[in-house]
Amino acid sequence: MEKKAENQNIKHRFQYSTEQAIEKPFNWKQMFRLFSYMKPYSKNLLPLSIIVVLITTAVRLVTPILIGKYTLDHAIANKDTNLLTVLVLTIAGLYLLSYVANIFRIKWTNMLGQNIIYDLRKHLFTHVQGLSHRFFDQRSAGSILVRILNDVNSLQELFTNGVINLLMDFVLLFGVIVILFILSPKLTLAILIILPIMVLLSTKLRRKIRRSWQTVRIKQAKLNSHLNESIQGIRVTQAFTQEKENIEFFDGVNTENFESWRDATQKNAMFRPFVEMTNAVGTAILIWFGAILIKDGLTDSNGLTVGVFVSFAFYLGMFWEPISRLGQVYNQLLVGMASSERIFEFLDEKPIVGEREDAINITDIKGKIEFDKVEFSYDESRKALKGISLTMEAGQTVALVGHTGSGKTTIANLISRFYDATSGEVKIDGYNIKDLSLQSIRSQISVVLQDTFIFSGTIKDNIRFGRPDATDEDVIEAAKAVGAHAFIEKLSNGYETEVEERGNVLSVGERQLLSFARALLANPKILILDEATASIDTETEVKIQQALKKLLNGRTAIIIAHRLSTIREADNIFVLDHGKIIEQGSHDDLMNHQGEYYGLVKAQFKMLEAI
Ligand SMILES: Nc1ncnc2c1ncn2[C@@H]1O[C@H](COP(=O)(O)OP(=O)(O)OP(=O)(O)O)[C@@H](O)[C@H]1O
């Protein structure tokens, strides 16, 4: 009983939204939009691919007539060796042409498909990069990743083979039907009797196959999400000894994935024999009815010759192929509709923090910041800032203090214009920041977060992240200035040491010093610093304090402060409570006032004494 309840809990823990809709009804508007990605290739790869496809199709359509009607009925029946030689050489030449055209078809259609996928992914990534923080607040990184990778990938087959095959199949099907009717309308009608039965059965079977592949994709998405979360959270899992439960759940998801594959491949395997069976029925009718017509042909001009019969057999073989492939392309289109809908949903997302067309490019910010009756809420229900008015003079160091959730980070977010104030004005150097270009604001503001993000790459690359053109000397100088040089030198490869994403091999203090060097090198006019709360040894603490002094010098600094030492040295302190400023002034002023700040400082001292 207990075990069962435990399993239920585990299942409940791993609930993933896998964005279920895998196929969507056909939508012309969306298809045109999707196919507009072919436009850049409309003068080279696209026409070239179409030409080679038409060549191969034309060769396929012509050769059976040459073999049956002309070679058998004329050259061989009349023992005309000259005509036979000409025909054999022509047929061989045509096959050669088709062979060469096929090589280019595969090459060019693949290039076309890959190019379109490259463009689409680039467009999507570029667009997502420019979206506002709110967009990322509402979605998990995993779901964004899935759209840029999986959804774009699922369009690959459509663009590589689907679209071009569609053209080839239409031409082939139309050509074959016309030729069959010209060769023998009676025989054609006799064979076409089985067509509706085949279309009906094939559609049903295809739908089943399609559904089972959809299940495979859902199971795979679930497996991916679980893997992603398990690996990211492995340290916590091990710390809470939850490995066994994780493995058990993984086993379940893995089995589901395995079973869905088995089911889909089994259903898929039924399709080929089905096509072959229809082919066999068609051939049986052809032989039976064809033989009667050939017999009539011996006495009657309306009958059939052996040569025409042979050509007919060739064409019949070609007839089922495009029909079965068209079904496949239709499937790809439905899947493409669902993927493109999700992709376009992202592409249609406008950054809520927009830029005016006539936005001012302010190249040399002095650093004065003002908030004038600023209100802000992340969502409709709660206000994070309630009528904030404050002034931070250029070059001042300002500390924001207050309880968790009081609105300190929100103030910093509005200064960088990651969000826009719901009402009121945020000003830099007297300009409303909505009138300034985003590039000019953000290039002169650096944000150092508590949880420093380290990108995979070398230590050097990480320091020059904000100023990619900085020389090696600049990098070393910045690292020395903030006291990071000593620990970097001790790393296995010094500044060239590769660190993985998030910098797991570095300590918290080291990561902070690295982020200070990064900020110093970017040389911003305004620095926003969210101080780390993690306890660091006294020696590192001293180092960080010294580094901070260098970093704050000559710029406006807004520090979301936790350490007393930083707060004490600030020019001005704003004390926040539930989105309001309740006190402001220097450390000494506020201590004398004996209000909220005084209480916070006393509490911190008590805690330190207790330690
Ligand atoms: N992205 C977000 N979406 C919705 N609400 C948010 C978001 N970020 C913060 N909030 C809410 O806004 C309020 C203010 O949060 P803020 O991060 O500014 O607090 P803080 O003072 O910086 O806290 P801490 O010291 O814990 O970092 C909180 O109630 C928080 O729950």
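Cβ coordinates are placed from backbone N, Cα and C, and glycine is handled just like the others.
According to TrEMBL, the feature domain 'ABC transmembrane type-1' maps to 48-333. The domain 'ABC transporter' feature in TrEMBL is assigned to 369-603. Positions annotated as transmembrane segment by TrEMBL: 45-63, 83-104, 163-183, 189-205, 274-294, 306-323.
Of the recorded ranges 45-63, 83-104, 163-183, 306-323, the transmembrane segment (274-294) has the largest number of C-beta contacts under 8 angstroms with 306-323. Same-chain residues lying 6+ beyond the ends of the transmembrane segment (189-205) with a Cβ under 8 Å from its Cβ atoms: 180, 267, 270-271, 274-275, 278, 281-282, 285-286, 289, 316, 320, 323-324, 327. When pLDDT values are averaged over the domain 'ABC transporter' (369-603), the model yields 86.
Away from its own ends, the transmembrane segment (45-63) comes close to residues 38, 91, 94-95, 97-98, 101-102, 104-105, 108-109, 111-112, 115, 164, 167-168, 171-172, 175-176, 179, 314, 318 of its chain (Cβ-Cβ under 8 Å, at least six residues beyond either end). Proximity of distant same-chain residues to the transmembrane segment (163-183), defined by a Cβ-Cβ separation under 8 Å and at least 6 residues beyond the stretch ends, is recorded for 35, 38, 49-50, 53-54, 56-57, 60-61, 65, 105, 109, 112, 191, 308, 311-312, 315-316, 318-319, 321-323, 325-326, 329.
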